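The structure that follows is given in the form of structure tokens.
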Amino acid sequence: MCILTLVERKHLKNMVHVRLLVMMHILIIYSTFGAVRRPINIRVLEGNSCDTPQVIGGKCMNISLCDPAFVHSIAYQEHTPVCQQNAFYRVICCQPFLDFCENSKQFQIMHGIEAEPGMFPHLARLGLKSEEDGIAWTCSANIISERFLLTAAHCNPVNIAGLGCAESMQCDQQNTVKSFISNPKYKTSFKYHDIALVELEQNIRFNKRVLPICPYISKTDLHESEDLVIAGWGATESHFQSPRLMFATVRTVLQNDCKDHYASLLKASPNKKLHQGITDEMYCAQGALVDNVTEYIDACSGDSGGPLQTKQNNNLYLIGVISTGFGCGSSSPGLYTRVASYFGWIKETVSATRDN
């Protein structure tokens, strides 16, 4: 017969408590995340394709880029393998925000280059359609989900969207605009918070020529040496409106430099629409000076709402929405609405619409 001392019994009781606590933690973790089927290679690099029982043709993405509806779903909580993570950065296999991202190959593009078909599958056109005059295309927009486009708030009013448009009057798909949702802070008399969501009546039919673009969510300016791309159908140096999609390369003008430039410019030539100067919600970029002319590569009226974009990890990311400037091709940087500053509003608005 084994007789335990008081000390031994107390130690045994403590060990039982420890084991119970460990079992409780295991049960909590299991009930929260479920049995995760580990992929063959758990250290998949960001941007690579991945598959899970719930996600076919997904992509390893920063969790903040995932579709919010998916992140809060049972499928995510129970069966989403981690592609890559550390204490500060988590990458999972999911449908990127919003739905999925493309894997890529009235402002006008001054001194731009004609785009090849399907080069910018996220780019859409916005316009007004009437029985008398047909369609008058007035702005550009960016596909961010199967039902939403992102554009400039000053593009309103519009009632039709063209998708997969290679030439001025030829689009693979046309979709009726259900609602035009300007950012609540936007005022028509000013050039601030110039961003809007366009909700379409029907889901977009995705194909190689029609795909969404990922939002660039960092609020830090990209390096001045990195090439950025603008695109649109606006007027060129030789046409009031380009019959074909054009694109051009520009580079970042750092925020402080841009603020100083416009402060001097607005002091000499006051503009009530820019009475606050350049704000942090704006992104500044400028193209090179064109040889033999006194103009810079730039966007002008007709391209409004189009993209300022960068390519990273084989994906195109939307940095800004073409908004305004101080004359086409001028020496002043072009002004773009910084998408990262409105990322929360975009997510909330799209998610709220889905829930209705």
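Just so it is clear, glycine is given a Cβ too, placed from its N, Cα and C backbone atoms.
I grabbed these lines from Swiss-Prot:
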type	residues	note
ACT_SITE	His154	active site, charge relay system
ACT_SITE	Asp194	active site, charge relay system
ACT_SITE	Ser304	active site, charge relay system
DISULFID	Cys50-Cys93	disulfide bond
DISULFID	Cys60-Cys83	disulfide bond
DISULFID	Cys66-Cys94	disulfide bond
DISULFID	Cys139-Cys155	disulfide bond
DISULFID	Cys258-Cys284	disulfide bond
DISULFID	Cys300-Cys328	disulfide bond
DOMAIN	49-94	domain 'Clip'
DOMAIN	109-351	domain 'Peptidase S1'
CARBOHYD	Asn62	N-linked glycosylation site
CARBOHYD	Asn292	N-linked glycosylation site
What count of other C-beta atoms do you get within 10 angstroms of the C-beta of His154 (active site, charge relay system), across all chains shown?
19
Going by DSSP, give the three-state secondary structure for Cys155 (disulfide bond).
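SS state of Cys155 (disulfide bond) = helix.
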According to DSSP, does Asp194 (active site, charge relay system) fall in a helix, a strand, or coil?
coil
Return one of helix, strand or coil for Ser304 (active site, charge relay system), based on DSSP.
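Looking at the DSSP assignment, Ser304 (active site, charge relay system) belongs to neither helix nor strand, so coil.
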Given the disulfide-bonded residues Cys93, Cys94, Cys139, which one's Cβ is surrounded by the fewest other Cβ atoms within 10 Å?
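Among the disulfide-bonded residues Cys93, Cys94, Cys139, the lowest count of other Cβ atoms within 10 Å belongs to Cys93.
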Can you give me the average pLDDT across the domain 'Peptidase S1' (109-351), rounded to a whole number?
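Its mean pLDDT is 85.
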Measure from the CA atom of Cys258 (disulfide bond) to the CA atom of Cys50 (disulfide bond) and give the result in Å, rounded to a whole number.
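Taking the Cα atoms only, Cys50 (disulfide bond) lies 41 Å from Cys258 (disulfide bond).
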To the nearest whole angstrom, state the Cα distance for the pair Cys258 (disulfide bond) and Cys93 (disulfide bond).
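Answer for this pair: 38 Å between alpha carbons.
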Identify which of the recorded positions Cys60, Asn62, Asp194, Cys284 has its Cβ surrounded by the largest number of other Cβ atoms within 10 Å, counting every protein chain shown.
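Counting Cβ neighbours within 10 Å, the top one is Asp194.
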Pop the Cα-Cα gap between Asp194 (active site, charge relay system) and Asn62 (N-linked glycosylation site) into the table, whole Å please.
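With the alpha carbons as reference points, the distance is 27 Å.
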Mind giving me a neighbour count for Cys83 (disulfide bond)? Other Cβ atoms within 10 Å of its Cβ, every protein chain shown.
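Around the Cβ of Cys83 (disulfide bond), 24 other Cβ atoms lie within 10 Å.
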Anything within 10 Å of Cys93 (disulfide bond)? Look among the recorded positions Cys60, Cys83, His154, Asp194, Ser304, comparing CA atoms, and list what you find.
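Within 10 Å Cα-Cα: Cys60, Cys83.
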CA-CA, which of the recorded positions Cys83, His154, Cys284 lies nearest Cys94 (disulfide bond)?
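If we rank Cys83, His154, Cys284 by Cα distance to Cys94 (disulfide bond), first place goes to Cys83.
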Which whole-number value in Å describes the distance between the Cα atoms of Cys139 (disulfide bond) and Ser304 (active site, charge relay system)?
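Per the Cα atoms, Cys139 (disulfide bond) and Ser304 (active site, charge relay system) stand 5 Å apart.
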Please give me the CB contact count at 10 A for Cys258 (disulfide bond), counting all chains in the structure.
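Result for Cys258 (disulfide bond): 23 other Cβ atoms within 10 Å.
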